[in-house]
């Protein structure tokens, strides 16, 4: 059963009202610190919810344009359609804000232990649903996701399109995984809804070395995938792609050094290096998006729907789409550096906004990356058909010659 749009709206409205009243009940001194903590636990799941909604939109466009995304991603016949993706997103939109509202309400009313249990229960429920071994909750799709994640962690086999496609998406969610690690750390150390984590140098504090280590993991996964591709194909472009992902490493670790070196040393030496590495990473990534990941010769072809539609009329063959996507990709590639930098993460509203914008940038990127792969697959299929036709003609000629002889 899927909740109706009206029910979802009323639940969201109620959550907002209860949450706001609960926050306003707190003292001004406590409010900001508490909101920062609450945001830490719930913003990863809110961003994941946004990602699922946008992925459903991607699939809807693919289906309207008759793009065989099941073939591109090597999905089985039980794969989720955009409607089923949106069902999942609807439930996530209800459950995550409801848990956050319960956390705010219980804490503001003095039920600290009950409040602390809310994010813990939610995280445990998400983990259990993902690994649930019975044929419910879209088991084939859940296990497809888990198998792909396992191949990303250990690229011991040839890299498929779905492997590096998902790994690219994970790089856009580096902040999500960093906050998940911070949240789980506090849960394991019983620091939820307490002031124990206020110490920046504590094991779960904002200066922890675990933050840059988790931030860099998606880039390392993609780096090793590129090396594996070079081993299999000997294509030098895969090494250049690996170099692109390696440029994120100095951005992350130079930023983290701010909390482990003297201020003068940071200002005069490490900060200029961080700025230089940030510019290099942003421009290299932007260049790769435009020249390698996208095929500009067939740009916006993916918006050519099989039936007349307003979106197709607005987007297909329009030059403004070309300029918007390239311009916004450049800007958001540069602002994404803010997210990777630990010393710029104190304003959680700004960081959340930039993380959401990066997910939106990746949402746009998906259209043209899938379009590029679709064009390549069609060209390959046409080439095979042409080769088969030539072979058949040669066989006919040979048989005819033998007959005449």
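Even glycines carry a Cβ here, placed using N, Cα and C.
Values in this document were obtained by computation on a predicted structure and should not be read as measured data.
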Quick check on the annotations: TrEMBL lists transmembrane segment for one of 15-35, 120-140. Which range is it? 120-140
Which range is it, out of 67-87, 88-108, that shows up in TrEMBL as transmembrane segment? 88-108
Per TrEMBL record, range annotated transmembrane segment [choices 194-221, 222-249]: 194-221
